[in-house]
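Visitor: Among the features that TrEMBL reports, transmembrane segment is placed at 120-141, 153-178, 198-228, 249-268, 274-293, 409-434, 454-480, 554-572, 578-600, 612-636. The annotation domain 'Amino acid permease/ SLC12A' is assigned in TrEMBL to 122-294, 415-693. Per TrEMBL, domain 'SLC12A transporter C-terminal' is recorded for 825-1077.
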Amino acid sequence: MDGPLTVECSLFLLVSPVLPPLLHSSPVKRPLLALQPSLCLSTEDGIPRESSPFISNADTEQDSYYDGKNMALFEEEMDSNPMVSSLLNKLANYTNLTQGVVEHEEAENEEGNPQMGTFIGVYLPCMQNILGVILFLRLTWIVGTAGVLETFAIVFMCCSCTMLTAISMSAIATNGVVPAGGSYYMISRSLGPEFGGAVGLCFYLGTTFAGSMYILGTIEIFLTYIVPNAAIFAAEKKEDAAEAMLNNMRIYGTCCLLFMALVVFVGVKYVNKLALVFLSCVVLSILATYAGVIKTVIEPPDFPVCLLGNRSLENHDFDKCLKTEVFGNATVSTELWKLFCDSPFLNASCDEYFASNNVSEIQGIPGLLSGVISDNLWSNYGPTGMLVEKKGQPSLPAQDASRDGYLPYVFNDIATSFMLLVGIYFPSVTGIMAGSNRSGDLRDAQRSIPTGTILAIATTSFIYMSCVVLFGACIEGVVLRDKFGDSVKRNLVIGTLAWPSPWVIVIGSFFSCCGAGLQSLTGAPRLLQAIARDGIVPFLQVFGHGKANGEPTWALLLTAGICEIGILIASLDAVAPILSMFFLMCYLFVNLACAVQTLLRTPNWRPRFKFYHWTLSFLGMSLCLSLMFISSWYYALVAMLIAGCIYKYIEYRGAEKEWGDGIRGLSLNAARYALIRLEEAPPHTKNWRPQLLVLLNLDAELGVKHRRLLSFTTQLKAGKGLTIIGSVLEGTYMSKAAEAKRSEQNVKSAMLAEKTKGFCHVVASSNLRDGFSHLIQTAGLGGMKHNSVLMAWPTSWKHTQDSVSRRNFIETVRETTAAHQALLVAKNVDGFPGNQERLEGTIDVWWIVHDGGLLMLLPFLLRQHKVWRKCKMRLFTVAQLDDNSIQMKKDLQMFLYQLRLDAEVEVVEMHERDISAFTYEKTLVMEQRSQMLKQMQLSRTEREREAQLIHDRNTKSHATLNDKAGPVPDRVHMTWTKEKLIGERNRQREANVGVRDLFNMKPNQSNVRRMHTAVELNKAIGSKSRGAQLVLLNMPGPPKNKGGDENYMEFLEVLMEGLPRVLLVRGSGREVITIYS
């Protein structure tokens, strides 16, 4: 085919053929998808069936007729896998309300929640939350201080940050149903409980401090512009005015907070009903501002500003911008004269600058066409107390400027810089989450959230950017830099531009700030309640409770308490950077969540919003991080520290939530990449560490038999490297699946109790031997495979009649050797120390043969743990007759020095001694016992074989008789024949001869020599190391001939006899320790 290949995917829904006629006859009229709950019922004959919502109770006969016929092929799966109708019914009846939570509106109006569209549900709430206190109280001052160009850059950066965040948020919000909880739900389900809890609490703190900022804005408008005389603290001197204002803010702010908290406590419905009023105030204020700008083209408003030289003056206490005026023929001083001179007389002593410079009057609002924008393009940063001056105005400086602070000049109340203004401005672009927080009330959240949020940000960005340009083009620079409007008779600066009256802006901004404060006090407690009910931060669980209708009472109290902290700060300029940090942290992680999910390409990442890309999310994340450090690097570090502490706390307390988050997917990708890299080459000697496979035995109750083996693993590993705890159940997996899961849980509980970090794996196998063999071969993955096996010494090998434990142990030794893995065998493991013990003494290493250096590495690793930290290492080696013991000791000390190991060295001389009678006797007893066990085993095997033959013959004869339906025979024919009788007599005769030969046999010379070595080494070890806390010694390999397995166990038993704690070590043969760096 030349054209492109088109593939169509179709979904077929299989419906029973009896449903259509019943659908037409059903009196119930409802959509097909709104099905009633379908239950899997069981009939009298036990066959499960799917109850149909379309079949009425009267149609019982027809129901039973069709029962079990339509979907009989799938009837066994119906218990675990529901029919499609049941699934669709659950989706149709899905609710995102938390069980037990009943909103006020739903309690009073049974029609349920209104299903809002994009405009009412997302666009308007976002507009109301974004436009607010900073626009009305600080934007003019920011434009005057930073200049039009830099303010435009600030606005553009902040709006770009929120737009990029909104794109990422839209992708997350449209990737499935977002229940009530909004932004917190999105972040936590995308990045996991640790990030979710940390960022959720940051978002909560940001929302709470936003409430403080709005309340402070409300009080600032009230005390500065509406009722200035309502101040409780009045300043007698000008230098005390700032402190008095702060105290007034604290008193009135606390009263306002209590009132708002009471309103929220009484009922959220009042806040929601007033929301439209507050939004109307915002819209009217902005329209009044634009109308005022247009009016300045026709007729600029009259707001004169008085200048002394080039300095702007506060005109609270004078009406005329004159030093003197003429009444009749007399020249008299004005109110302005009295402010700068010590008396009203013309010969009074006046301030030097006042005397040297003339006063002049300029228009504060020259208008859009005045060209004043050219003067306002550039910045005017300065320290606290810097005078607000007009550039280009003639001025003669004074020699003494010490009294300037007591005169009615307009000053900078704080030191200004570009970074400070970024922190103050950023809260004005927050509030983009308002739509996602209402996701439960939206008719189509997946369509409304992206559209409404992005349109709201675009609209508000246009408003902010246009206001920056218009303010710079219409208002005089000295007025713009006058934060509180002192030079224009204490009018709100943006109000001087408004039409028809400044009071439109004052009243509108007052109610706007009130509404925003109420919204913050409403939203923050619900956010805290959502976090508390998730259970990921244990100490917050008390705040998940509330009134009977679900109102978060305790969370509201905590929110009011934190909000009071912001009010006690009392300065809007100081609170704004704090909440900027918390919001930027939240937005950063929204972008991170989207970027991680996009890059991982998880199958569940299928957002309906398609206009996103990981580069946009990464750019948004970088911009958030940059803005955090630009606005205030120390606040940024504190916010990150708080988030980090919460993250580590949730991680430490063990967040047992599995939300399919992106961080888990990122971990899986990183693990896959690391495993592939690890498999490329074996680890270098310098990177070698024991990666343990611990073979555990379980008791009859499926509990761990030797828990101290786990303690020893913890002490040896200290959480580093790989640890796999393996165990085996005898039987098939089909029959032992439940027991295997229970065993795994028991082992994990034991690992948790013993602080063993690793993985647990319980397998079912036909016998223990095969199970352990499978674990040794297959445990681990790729490059993360074990290189060492740790197991307990089989203490019952002598007592077991069939010697299963002995054979399992020796085969394990052989398999680890064949797999080039090290083997550690702990004897008397139940006597090993627990993790709470602290040992003092020595760890003695008996280095007989060199098989890779593991023997010397183990004490070093053990001493890293606090249990063994106070123990010293002693190294013993054995010298033969022709060895130079003194030189050996020196060489060994130098070798340990180069290995950077601290240990005492001792060379033990093993002289050639005659084999003692004790050794000879012990070897003889060992071989006699071995021979007897073999004969007993042979005899048992023959008896079992004979019994099996009889059983098979009887089974066959019964089957034949049953087929022929003949009479049952009155006796069973035995299978003895003459040949079998003769063979049995010969075997009995040989057995009797064998028993007699046991008492006449002589021991094998090779066994005698080995026993001699074991006895002599045991004597040497006992004399030197009987008081040691732990003895490590080389483990000899098993005989190549399997016939000597019993003797091998006996040799090891003699070698370790009388020693309290022993660790046998058999290296893998590869070097695991090096002298090189």
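Glycine is treated like the rest: Cβ placed from N, Cα and C.
Describe the structural context of these features.
Guide: Here the transmembrane segment (120-141) has Cβ contacts under 8 Å with residues 213-214, 217, 220-221, 275, 278-279, 282, 285-286, 424-425, 427-432, 434-435, 438, 441-443, 448-449, 451-453, 455-457, 459-460, 463-464, 467-468, 471, 475, 479-483, 492-494, 505, 508-509, 512-513, 515-516, 519, 572-573, 576 of the same chain, all six or more residues outside its ends.
Within its own chain, the transmembrane segment (153-178) is flanked in space by residues 94, 96, 142, 146, 185-186, 190, 418, 421-422, 425-426, 428-430, 432-433, 436, 439, 445-447, 449-450, 453-454, 457-458, 460-461, 464-465, 468, 584, 587, 590-591, 593-595, 597-598, 604-609, 611-612, 616-617, 619-620, 623-624, 627, which lie at least six positions past its ends and keep a Cβ under 8 Å from the stretch.
Sequence-distant contacts of the transmembrane segment (198-228), counting only residues of its own chain at least 6 positions beyond either end whose CB sits under 8 Å from a CB of the stretch, comprise 132-133, 136-137, 183-184, 187-188, 191, 245, 248-249, 252-253, 256-257, 260, 427, 430, 433, 484-485, 490-492, 495, 506, 509-510, 513-514, 516-517, 520-521, 523-524, 527-528, 530-531, 537, 559, 562-567, 569-572, 575-576, 578-579, 581-583, 585-586, 589, 639, 642-644, 646-647, 650.
Sequence-distant contacts of the transmembrane segment (249-268), counting only residues of its own chain at least 6 positions beyond either end whose CB sits under 8 Å from a CB of the stretch, comprise 103-104, 211-212, 215-216, 218-220, 222-223, 230, 232-233, 514, 517-518, 521-522, 525, 551, 553, 556, 560, 563-564, 567-568, 570-571.
Taking Cβ pairs closer than 8 Å, the transmembrane segment (274-293) reaches residues 124-125, 127-128, 131-132, 136, 301, 368, 463, 467, 470, 474, 494, 497-500, 504-505, 507-509, 511-512, 514-516, 518-519 in its own chain, all 6 or more past its ends.
Residues 122-123, 126-127, 130-131, 135, 139-141, 143-145, 147-148, 151-152, 155-156, 159, 162-163, 166-167, 170, 286, 289-290, 293, 296, 303, 305, 307, 312, 362-368, 370, 372-373, 375-377, 380, 388-391, 410, 428-429, 432, 435, 487-488, 493-494, 496-497 of the same chain sit 6 or more residues outside the transmembrane segment (454-480) yet have a Cβ under 8 Å from a Cβ within it.
For the domain 'SLC12A transporter C-terminal' (825-1077), the model's average pLDDT works out to 72.
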Visitor: I'm a bit unsure how to read this: which one of 409-434, 554-572, 612-636 has the highest number of Cβ pairs shorter than 8 Å with the transmembrane segment (578-600)?
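Guide: By Cβ pairs under 8 Å, 612-636 leads among 409-434, 554-572, 612-636.
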Visitor: State the non-local partners of the transmembrane segment (554-572) in its own chain: residues 6+ outside its ends, Cβ under 8 Å from one of its Cβ atoms.
Guide: 133, 137-138, 205, 208-209, 211-213, 215-217, 220, 246-247, 249-250, 253-254, 257-258, 261, 264-265, 521, 524-526, 528-529, 532, 542-546, 578
